[in-house]
2 protein chains.
Amino acid sequence: MLRNSLKFSLVDKEKLKDSREKILKEIESGEIGYFHLSKIAKDTILQTREFVQKHKFKNLVVVGMGGSSLGVKAVVGLLEENYPNSPKIYFLDNLDSYSCKKVLDNIVFKDTLFIISSKTGTTIETISIFKYIVAKFSVLNLGENFIFITDKDSSLEKFGKECGVEIFHIPQNVGGRFSVFSAVGLVPFEMMGFDTLALIKGEEACKSDFLKDDFILQKAYHYATHRNAKINVVFSYLDKFESFNQWYVQLWAESLGKKKIYERVGLTPVGLIGSRDQHSFLQLIMDGIKDKTVTFLSVKASKNSEKIPNLKFAYMGSCDFVNGMGIDEVLNYQAQATMQAVVNEGVSVDSLEFDTLDEWHVGYLLSYYELLTSAVGAILGINTYDQPGVEIGKRILKNIILKG
Amino acid sequence: MLRNSLKFSLVDKEKLKDSREKILKEIESGEIGYFHLSKIAKDTILQTREFVQKHKFKNLVVVGMGGSSLGVKAVVGLLEENYPNSPKIYFLDNLDSYSCKKVLDNIVFKDTLFIISSKTGTTIETISIFKYIVAKFSVLNLGENFIFITDKDSSLEKFGKECGVEIFHIPQNVGGRFSVFSAVGLVPFEMMGFDTLALIKGEEACKSDFLKDDFILQKAYHYATHRNAKINVVFSYLDKFESFNQWYVQLWAESLGKKKIYERVGLTPVGLIGSRDQHSFLQLIMDGIKDKTVTFLSVKASKNSEKIPNLKFAYMGSCDFVNGMGIDEVLNYQAQATMQAVVNEGVSVDSLEFDTLDEWHVGYLLSYYELLTSAVGAILGINTYDQPGVEIGKRILKNIILKG
């Protein structure tokens, strides 16, 4: 279970009617594919299981930019503690010489499956790293250690088919940043041994709550109509949320930064980790301009948490008040104390608390943020699903290199 | 060498006179210690060298929150590629049960030096983790595997002296987030085998450039007086800037988010990595509200860069235009292309290009950001060096736990 507690004033249900209808229309139209991914999840899972039965690998290397790796990283980060015996998974998500070399120098090629993930099939960084891998290991038969995850009929698929590479499809109408419940995520999750069906059940539960309840819409309305707070902070209490935060940043920034005909619209995401960033960003939230909303994410303290031992050091008595407590327990008290301090400053706050971090809850969490993003976009009246602004730089790059 | 190119309009030198004088006063007063750290650097370096001659460790574990670890992490991230044979270094910078356990389960205690770093000496997370380490390894003699970095006469120093622990001092007038050139940084850097004297020379070179030149002041003036752009993005092109970005975020957020008598002041830092985050945050910069400035950080392509091989795959011709180029080289073209696209949108941009990433340049870079932060704070008319807003949460925490 999870509890979402909104610590700001809610609006009349009547005000949410239009936005609810807009999103229902989006869902019913069938044009925005991510709403409907659970229907085809089983096919992807079966295809992956068949593949896994025939091929065993000790390492997985996901090569993918943005939406092709962020969601995978997020879920792996949240679940890997529960799966100590899964394959080791690495991510090549930047065109960085040192990072690529460091990962590839430390793996044995024949024990490794490379997952080349590119929706369009022609992402320049992904394909360049793919070429680098092929050359580094003098690969002769691509079919043995590579799979491709890409759109149907992309150039990458055509090339892969000629080389006997197994292809997994992303539905055309599912954008990269909304693709975590498609093959982009499900294929590596199955290979890691995660319970992907429970993940999908969590996603479906959130969609169903969204349709019958108002809490996501209330939050979306508050964010979309807040005159001053154009920065949205997610303050997650546990290191394992680090990659989830990055996934959220992409989802939010690419979806909600858009030009309308006469204006520019944009909400800026910031991902923080507690208690670490209480020693970094918190001062700005507390005393800076009130241009932020803050969501506190926390997980009920685990029984497996390590404990702070009951040691008393001379002169250090002021630190003994947490002695004997679970580390997770103190962390949650820190979340609670910080939230209270931020609320006292009059900042818009809500909290999202999870009983545990298993597949169901992770599926719910990611779906929650996808739906929240769609809802904010609908209320802002923008196209949540495109990213026209990033194309220009790609064209300039080609020009600089080709024309010198 | 490095080049800082400001792509926004500069103001008349006369306008910078006041702020220059304010900062000179800060420097001359001697109250803000970080300006003067290079004078005592040699003593710290000598003390560390003496220690290192007597003790050899395969692993270093830095236990420290915020300013006690972020600067160390930043410099290690930027330099470690050049030092493949240095001790392995780990950071425990969050009260996170799983992270602490994972690090400590994988090291051999007798081969490890634990650096307990806390300016006040009573940071609750740091001391709790310290106790956890002591209990986990049933430590009897603290003096053998621990050193403390702390303020003179702190409770931690008093306790350490009784246990025979070597103490390294942070000057009282140096704040945590401005402490990277104090013992906080220099002690681990020496232990890693870095050329700390060159690091300090780079820092001094930046201070000296700051005193005779205007480029940092021009940038500070632009940031402090920009009516709309309250978000400052650092877009760093290389994965190794990841921890530097986090250091910058703390420095900026804690220093520049402050209450004045009648108003709140705050500039929000965002750290991005290129080209990775071109697939994430860039859309928001391009098409969202123009509430951001962007600094592009890049390093001249290294001769050691791996190359994109000259492979041509069927159907994939559109990706061949980078074939044969160095990975770093393409990355830098991406920085250039993205910068051009952002400039074309009318966003305030500047670029900072480094010839190489050695100690001198890293020292220069960190000093550049410290001075820039001081300059912006001086122009905003705030106290750049305190953090009153984070104390309240600490009091609430104690109340919640003690009073239930």
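Keep in mind that glycine also has a Cβ here, set from the backbone N, Cα and C atoms.
Residues or ranges marked as active site, proton donor by TrEMBL: B:E254. Residues annotated as active site in TrEMBL: B:H279, B:K394.
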Sparsest Cβ surroundings (other CB atoms within 10 Å) among the active-site residues B:H279, B:K394:
B:K394
What is the separation, in Å, between the Cα atoms of B:H279 (active site) and B:E254 (active site, proton donor)?
28
Can you check which residues sit near B:E254 (active site, proton donor), meaning Cβ under 8 Å from its Cβ, same chain, 6 or more apart in sequence, and list them in order?
B:G66, B:R177, B:Q387, B:V390
For B:E254 (active site, proton donor), just give me the three-state DSSP call.
helix
